[in-house]
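Among the features that Swiss-Prot reports, active site, nucleophile is placed at CYS56, CYS59, CYS397, CYS400, with the record citing similarity to another entry. Annotated compositional bias 'Acidic residues' per Swiss-Prot: 476-489, in sequence order. Among the features that Swiss-Prot reports, disulfide bond is placed at CYS56-CYS59, CYS397-CYS400. Residues annotated as domain 'Thioredoxin 2' in Swiss-Prot: 349-474. Residues or ranges marked as region 'Disordered' by Swiss-Prot: 473-496. As annotated by Swiss-Prot, motif 'Prevents secretion from ER' applies to 493-496. The site 'Contributes to redox potential value' annotation in Swiss-Prot covers GLY57, HIS58, GLY398, HIS399 and is backed by similarity to another entry. If you look up Swiss-Prot, you'll see ARG120 marked as site 'Lowers pKa of C-terminal Cys of first active site'. As annotated by Swiss-Prot, site 'Lowers pKa of C-terminal Cys of second active site' applies to ARG460.
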Amino acid sequence: MKFLICALFLAASYVAASAEAEVKVEEGVLVATVDNFKQLIADNEFVLVEFYAPWCGHCKALAPEYAKAAQQLAEKESPIKLAKVDATVEGELAEQYAVRGYPTLKFFRSGSPVEYSGGRQAADIIAWVTKKTGPPAKDLTSVADAEQFLKDNEIAIIGFFKDLESEEAKTFTKVANALDSFVFGVSSNADVIAKYEAKDNGVVLFKPFDDKKSVFEGELNEENLKKFAQVQSLPLIVDFNHESASKIFGGSIKSHLLFFVSREGGHIEKYVDPLKEIAKKYRDDILFVTISSDEEDHTRIFEFFGMNKEEVPTIRLIKLEEDMAKYKPESDDLSAETIEAFLKKFLDGKLKQHLLSQELPEDWDKNPVKVLVSSNFESVALDKSKSVLVEFYAPWCGHCKQLAPIYDQLAEKYKDNEDIVIAKMDSTANELESIKISSFPTIKYFRKEDNKVIDFNLDRTLDDFVKFLDANGEVADSEPVEETEEEEEAPKKDEL
């Protein structure tokens, strides 16, 4: 009898343990936990895992696209599974896989994880995981294969080669292997080539917008083909959002014409849509991007350009490869002719950078901490008769706010020193051509006599500031201050 009771107890325990390790499914996505994670990975050769936090805005934006991708893969009977881990609950897993931010996505292939580097729309996710689990380019041996391939993928690139061993075909395969975010197909079938009216050694990008397809022209080499994929896979005029940001800033076109508009105000139809022909004409050199003033998330972008949302519709041009150089048209006219003239001047190198600047306050030198703006920066900071310590700050920066009372004390201490000036400049509203600020606060010391610029990298304490100034900036073994808050970074390219 005792044996029977023990056996029943063990059986019940086994069932309970199995139930705990069960994998729930939410909208096609497997719910991974500490209890079932190891088995889930072992049972599936390919698993994309999202580590998320319920409060994370980016995670919330990703959720419907992630579920859509999971469902579409399941419909295709794909062996690829999508899973998610609530990292705020499953802390052990988050620590094991070095999760430092949300969402973090890792792709497990036969148990080995690699970082996910694709986009955040369903089509991008499917393209990326498909590429990771198969050949660089899918072999399309019939018209039916090609039609199904294009049906399964919103954006797809097909190479048409009579000889798959040709140098052109090998170049195509190399590019297909290098670009994880794109889906490639290849065909040597005569019926397929005829169906799509392709030339031998031709490459066509199929897409659901604009002209529906783009035909590659020019010398077929790796550089040209990569640029073709990145440029032609985007709409002629791209709307900036969380999903498109990585494609906009990760592409090969580094000069962007930005349209600040209100969709609710009808600006797209009135001002943007008529510019598609111009966008097509300049698409190899300039990317056209719309930024909506209706989105709260875009407030920081407006601040970065020294604008407010009441100024829409308006345009700016930014050149990412040269320290985020910005350009502003002289006219408020948004006609196609005026905008094209503006672009021509830019491409001909005839435009001068637009630098933000505030008006100089009348009482800028009233207090111990002197106030600098673009117009008085050189006359104060580069005055060779004095050494000048300048804090470049942002009004919203938490570290800057913490520094303020210490910086005031420092200025009070040196207010009667004829050789040292303590100053500050709001770098969100004032820009300098010679100095680019990428994080806040940035503190620089402009030494008297030779104007040598020395970065202050000690702890931001009164004692360390005094030590630094008394040593005329020559302090050995300065250690950079480690910033811990994300808000202290100046706007990054992928935030614009």
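Note that Cβ sites are derived from N, Cα and C of the backbone, with glycine treated the same way.
A quick note: this is a predicted structure, and the numbers were derived from the prediction, not measured.
Here the features listed in Swiss-Prot are placed on the structure.
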residue: CYS56; record: active site, nucleophile; Cβ contacts under 8 Å, 6 or more apart: TYR102, PRO103
residue: GLY57; record: site 'Contributes to redox potential value'; Cβ contacts under 8 Å, 6 or more apart: none
residue: HIS58; record: site 'Contributes to redox potential value'; Cβ contacts under 8 Å, 6 or more apart: TYR102, PRO103, HIS242
residue: CYS59; record: active site, nucleophile; Cβ contacts under 8 Å, 6 or more apart: GLU50, TYR52, ALA53, TYR102, PRO103
residue: ARG120; record: site 'Lowers pKa of C-terminal Cys of first active site'; Cβ contacts under 8 Å, 6 or more apart: ALA61, LEU62, GLU65, HIS242, GLU243, SER246
residue: CYS400; record: active site, nucleophile; Cβ contacts under 8 Å, 6 or more apart: GLU391, TYR393, ALA394, PHE440, PRO441
ARG460 (site 'Lowers pKa of C-terminal Cys of second active site') to HIS399 (site 'Contributes to redox potential value'), Cα to Cα, whole Å, comes out at 10
Out of CYS397, HIS399, the listed recorded positions, fewest other Cβ atoms within 10 Å surround the Cβ of HIS399
Other C-beta atoms within 10 angstroms of the C-beta of ARG460 (site 'Lowers pKa of C-terminal Cys of second active site') total 19
The domain 'Thioredoxin 2' (349-474) resolves under DSSP into 34 helix, 27 strand, 65 coil
Cβ density check for GLY398 (site 'Contributes to redox potential value'), other Cβ within 10 Å (all protein chains) comes to 15
ARG120 (site 'Lowers pKa of C-terminal Cys of first active site') -> DSSP, reduced to three states, gives coil
